[in-house]
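A short write-up of the structure that comes next.
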């Protein structure tokens, strides 16, 4: 007990309010039958309700119950506003019999404690099967879930223990509560709100239950049940004279117009209904075809409706929901109370369930297996039917052919939907629900029992590559890219070399980029490399295409893998696989750092897990020239070492290694290539191990290459330098001004600077102007490349000579090698030097190289010649000879000498783009005297002329008549034979459309000699006549006596004569070969005797003794010959004997003189057989024809210095 200090001065008679608290004193007298409770939730020292009985007699409490019909003075004292600190509860009981209630009029005592929030409640007490009616006085009520605006809210519950409370506000149509025993009605009144003194009129009467008539078909089972905690209410079915009553549950099926009687007026408040319906499906249809119920059956009850749908194997069940569904992933209820639940039982017995609400995007569900659909329907809500369809399960079939040495594994990764993978194997299929493996390199049929197996299975394609000590059995490439294109795929290559060696992976341009492990690449092609150590696998890294890593070496055995999702097309890429050197490192990573400013991150093996114990890993960095690098350790963990220490070693070529710890300052602003080695110790594996994540930063060193160019001593020479590479960090400047293209004019000096510009990214070209004022001052010129400043480190790409001549002049170009060749299709220039010739206005004449059929090119007006070479430093001498002459009639003239061995192609200038409008071109073609030219226009492009005409003309040199004249609108033969040198001219019009151009092919062919053919025929006839005459002469001669014959050989220079040698197998008397008929030599060879040029052309040792005609031999003319008697003739022999060697047949005897084959009697010189005199047709080397059938002994080879 304590006194309120703020009211002590006036005792209990006055109310005084102080700043520190609020006080209220009032007198209360509760009505009979009312229980009034005043309470506060605040602590007693902060807020209290006190009873005042007399002076200084006050009792304070946190909660105080008042005695009915006793007046009490209350004092409220609180540190908080009292209207918010206290609550008042006024409870009453309505006692009812079977036909009356007390009190009949339910009053509120509205004036009691109006300053506080009040709760007025009435509990109904009534006998069983009695209903108590509370008629609402005044305006009706409306059910609500929101607070009432007038501060007075009604609520009703069937019992104190029932948590389900219904709330109402004034202003509705509800005028009566029908209640049973233990029901409670309450009013919540806010402070200072006025409440009516009478709110209900109570009455009682016997409980009249509800009767309803229902029909349930044979496919439906209805169970109506009541929670025993709810108010009692029996349900009876009247089917005959005796009703069947159940207090809590009743089941009905296959009944028609069955009468149900409930012992309560509102059975829907205590009963709930469960309906089960069956739908049976075949592979193509379902009966019934819709999930629906009688909309009036137990409509005002809370219903749970279940459809059990059975389907055969490999059947797809399709449910269509009008208005759509949305999946309800949480535990919250749907807004409209309609809750759908769909459960499917898979072939392995597992069940999958999903919950849905109405009004979503899911309008169709395709299900595999037996399905149960359950809908929770609130009271009074209508249910829309859904349709049920069945169709054969749309499986998917693939024909797969694994590559040799390849293993394909198909494995399940999700539990849904129900799907198996099957292989066609005689005599039946083999189906597996989880995984299957393919190894045979033959066509294999793979069948999936679901339409979208790519959502269920993934594919791993594995290949083993074994390496010897020197080579591997293949490279890493995705040859299997066509297999399972829409599945999530993992390509793996198991690599193995001998235990002491490493396998080496060379990545194609532009290299690979390392990313954190378990991340994916932007293009969804994610590569990873694992090496297998004695302690277990170690992940070297995860990589994406396009980066700085060019090569990785890993020890002994590893696996390279590529992961590609099913929605991404595989982009094939090949890695070169080689056998690397012996190494003690877990891996060696080779990195080409990029030019310019860059930051590249790297991680240790297994990061963020521990680096393997007692292992080393090396990174080899190639740093671009003129760049600095800095090492930064972004994140690392140090292990507890049991043996040795963790160290980081840096080493440059031919320099001593620098060993540091993880916490030391790492290299900064260094240059040059280097190796970094991370070495681990033996660690305490129960603690955190070694990890390292570091960054290599590269920046330009800022040292430009300077070059001072002086063109004052090189007359007419200018330079052009431009960037051709894509490197954005290459910077060029001239006289301290940065330019993308530099031009150094002739006769000037310039200071050039190049910052981070590789030679291949910069192109140097030069030009020279050569000119003269008048034709007399224009002297012959040799086109040579002058020496440029040595500080220009980049190679010269091309050099151009601009030949400027006076008006009405012509430039003549000839090759120092003798001829030129135009580069054309089929006649390409593949030499290291090419020459591009253009007219003064830049119009192209053509591309030329050396050693062809063009002897000279004449161009009217100014000309530019551009030489392009692979390496100008290796070219000695000049490129072209330049002469000048007066103006020519055509724009361009070629002087051409076609080759006998191959066709010659001639093309119009600027082929194939076309000639310049109103220009002309001519070819003066020289044809050898014994040849004729076949001219073929193989490709002609004719324009549509706006003014004038195009023309193609052919005329032999020296003739005025044209052999061919053709315009663009005329049709003419495209082939022509020209018997001698000729003139080919083409002229262009002013075209309106298209261009004029042509390619002409010239083939030389030797002329046929008709006179020689006729003389040959005449010679054959004459020979036949001579043979006939000889035969007749021999026949007559045989009649004569045989005479001794002598044979003699006369040498023109007189000197040896030996008669009597018998070299013929027959006697002289039988051999008439020495007898000649009368021959008029002048008639046979006289036409040749006047051609002195022929004899003059012969070599001296072939001239010999020349006579005008044949004369009978009368003996030597140089010396007197001895008289020698011939011996008797030898008898005839059957076998023919060849001539003796001259050394055996001549007298006096002398030693054998070696002779060459061409001096032997059994050989004849080929040069003598092409004219009537049997003389030499040329003065070239000896070319013999063998006449004898006797095998020749091989001549001894000539020993030369080279043969030794």
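Each position is counted from 1, following the chain as shown.
Note that Cβ sites are derived from N, Cα and C of the backbone, with glycine treated the same way.
Just so you know, TrEMBL annotations are computer predictions that nobody has curated.
As annotated by TrEMBL, signal peptide applies to 1-23.
Summarising the annotation, TrEMBL assigns domain 'CDCP1 first CUB' to 25-96 (among others).
What TrEMBL lists as domain 'CDCP1 second and fifth CUB' is 103-205 (among others). Across the domain 'CDCP1 second and fifth CUB' (103-205), DSSP helix (H, G, I), strand (E, B) and coil residues number 0 helix, 56 strand, 47 coil.
Among the features that TrEMBL reports, domain 'CDCP1 first CUB' is placed at 210-281 (among others).
According to TrEMBL, the domain 'CDCP1 second and fifth CUB' annotation covers 288-390 (among others).
The domain 'CDCP1 first CUB' annotation in TrEMBL covers 397-467 (among others). Sorting the domain 'CDCP1 first CUB' (397-467) by DSSP state (H, G, I as helix; E, B as strand; all else coil) yields 3 helix, 41 strand, 27 coil.
Sequence annotations record features per position, and here TrEMBL assigns domain 'CDCP1 second and fifth CUB' to 475-579 (among others).
Taken from TrEMBL, the feature domain 'CDCP1 third and sixth CUB' covers 589-687 (among others). Per-class residue totals from DSSP over the domain 'CDCP1 third and sixth CUB' (589-687), listed helix then strand then coil: 0 helix, 48 strand, 51 coil.
Residues or ranges marked as domain 'CDCP1 second and fifth CUB' in TrEMBL: 790-882 (among others).
According to TrEMBL, the domain 'CDCP1 third and sixth CUB' annotation covers 890-1002 (among others). Broken down with DSSP, the domain 'CDCP1 third and sixth CUB' (890-1002) shows 0 helix, 60 strand, 53 coil.
Marked as transmembrane segment by TrEMBL: 1010-1034.
Mapped onto DSSP classes, the domain 'CDCP1 second and fifth CUB' (475-579) shows 0 helix, 58 strand, 47 coil. Taking every listed stretch (25-96, 288-390, 475-579, 790-882) in turn, the largest tally of C-beta pairs under 8 A with the domain 'CDCP1 first CUB' (210-281) is reached by 288-390.
Most Cβ pairs under 8 Å to the domain 'CDCP1 first CUB' (25-96), among the stretches 103-205, 288-390, 397-467, 589-687, 890-1002, belong to 103-205. The domain 'CDCP1 second and fifth CUB' (288-390): residue composition by secondary structure is 0 helix, 59 strand, 44 coil, according to DSSP. When each of 103-205, 397-467, 475-579, 890-1002 is scored by its Cβ pairs under 8 Å to the domain 'CDCP1 third and sixth CUB' (589-687), the top-ranked stretch turns out to be 475-579. Only sequence-distant pairs (6 or more apart) were considered; of these, fewer than three Cβ pairs between the domain 'CDCP1 second and fifth CUB' (475-579) and the domain 'CDCP1 second and fifth CUB' (790-882) are under 8 A, so the stretches are not in contact. Counted over residue pairs separated by six or more positions, the domain 'CDCP1 second and fifth CUB' (790-882) shares at least 3 Cβ pairs under 8 angstroms with the domain 'CDCP1 third and sixth CUB' (890-1002), which defines the two as touching.
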